[in-house]
Amino acid sequence: MSGTTTAGNRRTTGVPRQWRGTDADGGAHRWIVLLVLCVSLLLVAVDATVLHVAVPAVTEDLRPGSIELLWIVDAYPLVCASLLILFGTLGDRVGRRRVLLLGYGLFGVASALAAEAGNPKVLIVARALLGVGGAMIMPATLSILRQVFPDRRERALAIGVWSAVAAVGAAVGPLLGGFLLEHFWWGSVFLINIPLMAVALPVGRWLLPESTGDRDGPWDVLGAIMAACGLFCVVFGVKRVGSGAALLDPLTAAPTLFGVVLLVLFVRRQRRRKHPLVDLRLFTRPAFSISVGCIVLALLALVGLELIAAQYLQLVLGLTPLETGMRLLPLTLAAMAAGLAGSRMLQRLGPRAMVAFGFSLTAAAVLSLVVMGQSDRPAVLVGAFLFLGFGLETTLFGAYESMLNESSVKSAGGAAAIGETSYQLGAGIGIALLGSVMNATYAPGVSHAAGVPESASEAASASLGAAYKVSDRLGGSEGEALRAVARQSFVHGLHVTLVVSAGLLLVGALAALRLPKSMECSPDEDGTDAGHGTDAGHGADTGCGTDTGRGTDAGHTANADAGHDLEPAPAPDTARDAAQDTGTARVPRPNHPDRADRAAVGAETSG
């Protein structure tokens, strides 16, 4: 319970030794810690996109087969998505700082291995290890942010900065990769991680606070393995469908079905355990479950669409990869602006209005792109991408804030992992779903092109890029006819996909109406922490009241033993969390507008 201690034997968790006892030092260190965590996110975001521009050089040097090339690209996101829950909950158990620092070290070693890879198999292993490192880093950063920023509104501001940095990393990845490839060999795109990790590791060891969650009972090793294997199989199946494989293909259906069975067994196991790996009772809270659904819907509707938009810019409008990146840059810049403004918007609008507004704005931006055809209209594209980026980040900010605010302090890592996993699944399903819609509308228009041999038409129906290759082989009037039909069919498919995407976004806007109306602080966030005294500075600055449950502020030194009996009773929806916190310094809930999010959105956009 907040403020409950044993007289003469007080223990403060989640705070570095040098912070304890001074509010001034703690306030300054909080933002330094944020800087360290932002560097962590920057590395993960850059690494998620930097390889995309290096694929041609890797292919020319290492000569991988088609399957090997697929694994070189997909090993990182597959492994990362499947291990988020495992390492998120492990951090709750053994220490989030410890897991984060191990992730730093592994990321650096894997980067060196990838840079010096002499064959495709070594590069695949290195990319998988990078995924392990990323899965260790991401949930830990969110959990530590919760500890460092106990005040909800101050924390929202910090998360806004964090997500803006994620957007920068995702946008910088392809540009940085292109610059390095012009001057160095392809392995240089991985070497940039090493000096940054060499600095982040000792600085993080010195500055970052250690914190743990619920250590009651043994850690569910079998459950963690089931979750990791189940997620890996499901994400693998979704990615195969997204790459064009048939859903009933044995290589797609078998692992997907096996993964679903494992996840069902995992859920049943967690419900029976006294100390579950993931507290599934979180999903009984409407704000939590609706927020997770909103995250999935947002990514499902947009990530596949963004990849199709990149093809449209290059193959229909004829832009170079660099020009395509510059056209998509307004989306990233708008997302950065929304991240920085997210805290103020959340305070003014509340989660319900903020998420619904973000969905609606994004849907309007998507529908405005329907006017695009085979001719370039830069003003329309820039305007639509600006509103799309701002709306998407607004949606994710509000959804993540609401989701993580519903989770208990002790399950911070697990809740963060759920958010990141839902993000990855939404992105993967979106690519598969919208890609299928695109193919279903594009292929019929090309497969029976007038004046084109049937065999050539069938080959061209696979994709617009394939159609261009076939038309080049045909040459003459037949080639020109096929190219024109393929472009027209692609634009038609794009329009249908835009409408479907907008419909999914509007469903998300309706779902958001069940989120909390206002941004309210729970009793442990807006009242006086009897056990730690009153932090007047936080109450004045944020309107969320006093700093509770942390020994970093003046209230810690002002604590009086008599205050232990003055703690207000927790509200009904937080009674369970308060009951679990007996003997442990209490920290209010944090928020995370995603992620990689933003990192992941930018990453998928750039991809």
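Backbone N, Cα and C define each Cβ position, glycine as well.
The feature region 'Disordered' is assigned by TrEMBL to 1-21 (among others).
The compositional bias 'Low complexity' feature in TrEMBL is assigned to 1-14 (among others).
Residues 69, 72-73, 76-77, 100, 104, 107, 111, 127, 130, 134, 137-138, 141, 144-145, 148-149, 158, 161-162, 165-166, 168-170, 172-174, 176-178, 181, 185-186, 189-190, 192-193, 196-197, 200, 203-204, 207-209, 321, 596, 599-600, 602-603, 606-607 of the same chain, all 6+ positions outside the transmembrane segment (31-57), place their C-beta atoms under 8 angstroms from a C-beta of that stretch. What TrEMBL records for 31-57 (among others) is transmembrane segment.
Positions annotated as domain 'Major facilitator superfamily (MFS) profile' by TrEMBL: 33-520. Within the model, the domain 'Major facilitator superfamily (MFS) profile' (33-520) shows a mean pLDDT value of 82, rounded to a whole number.
Proximity of distant same-chain residues to the transmembrane segment (69-87), defined by a Cβ-Cβ separation under 8 Å and at least 6 residues beyond the stretch ends, is recorded for 47-48, 51-52, 55, 58-59, 99, 103, 120, 123-124, 127-128, 130-132, 134-136, 138-140, 224-225, 227-229, 231-232, 235-236, 239, 243, 277-278, 413-414, 417-418, 420-421, 424-425, 428. The transmembrane segment annotation in TrEMBL covers 69-87 (among others).
Within the chain carrying the transmembrane segment (99-118), a Cβ under 8 angstroms from the stretch's Cβ atoms is held by residues 40, 43-44, 47, 62, 87, 90-91, 125-127, 129-130, 132-137, 140-141, 144, 187-188, 190-191, 193-194, 197-198, 200-201, 204-205, 208, all 6 or more beyond its ends. According to TrEMBL, the transmembrane segment annotation covers 99-118 (among others).
Annotation comment: TrEMBL describes 124-145 (among others) as transmembrane segment. Tertiary proximity for the transmembrane segment (124-145) is limited to same-chain residues at least six positions away from its ends with a CB under 8 Å from its CB atoms, namely 33-34, 37, 40-41, 43-44, 47-48, 51, 68, 71-72, 75-84, 86-88, 91-92, 96-97, 99-100, 102-104, 106-107, 109-111, 113-114, 117, 155, 158-159, 162, 190, 208-209, 211, 213, 404, 412-413, 416-417, 419-420, 590, 592, 595-596.
Positions annotated as transmembrane segment by TrEMBL: 157-177 (among others).
What TrEMBL records for 183-207 (among others) is transmembrane segment. Panel annotation: around the transmembrane segment (183-207), residues 16, 29, 32-33, 36, 39-40, 43, 46-47, 50-51, 53-54, 57-58, 61, 97, 100-101, 104-105, 107-108, 111-112, 114-117, 126, 176-177 of the same chain, lying at least six beyond its termini, place a Cβ under 8 Å from a Cβ of the stretch.
For 219-238 (among others), the entry in TrEMBL reads transmembrane segment.
Feature annotation from TrEMBL assigns transmembrane segment to 250-267 (among others).
Annotation comment: TrEMBL describes 288-313 (among others) as transmembrane segment.
Annotated transmembrane segment per TrEMBL: 354-373 (among others), in sequence order. Nonlocal intrachain contacts for the transmembrane segment (354-373), taken as residues 6+ away from its ends with a CB within less than 8 angstroms of a stretch CB, comprise 291, 294, 297-298, 301-302, 305, 309, 312, 345-346, 380-381, 383-388, 390-399, 402, 491, 494-495, 498-499, 501-502, 505-506, 508-509, 512-513, 515.
For the transmembrane segment (379-400), the residues of the chain that approach it from at least six positions outside its boundaries are 159-160, 163, 167, 291-292, 294-295, 298, 302, 327-328, 330-339, 342, 345-346, 349, 351, 354-355, 357-366, 368-369, 371-372, 419, 508, 512, 515, 591-595, 597-598, 601, judged by C-beta separation under 8 angstroms. The annotation transmembrane segment is assigned in TrEMBL to 379-400 (among others).
Annotation source TrEMBL lists transmembrane segment at 493-513 (among others).
Per TrEMBL, the feature region 'Disordered' maps to 520-607 (among others).
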If one takes Cβ-Cβ under 8 Å and requires six or more residues beyond its ends, the residues near the transmembrane segment (288-313) are 242, 282, 319, 323-324, 327-328, 331, 351, 355, 359, 362, 366, 369, 372, 388, 392, 395-396, 399-400, 402-403, 406-407, 418-419, 422-423, 425-427, 429-435, 438, 464-465, 490-491, 494, 497-498, 501-502, 504-505, 507-508, 511-512, 514-515, 594, 600-601, 604-605, 607
Long-range environment of the transmembrane segment (250-267) - Cβ separation under 8 angstroms, sequence gap at least 6
223, 226-227, 229-238, 240-241, 280
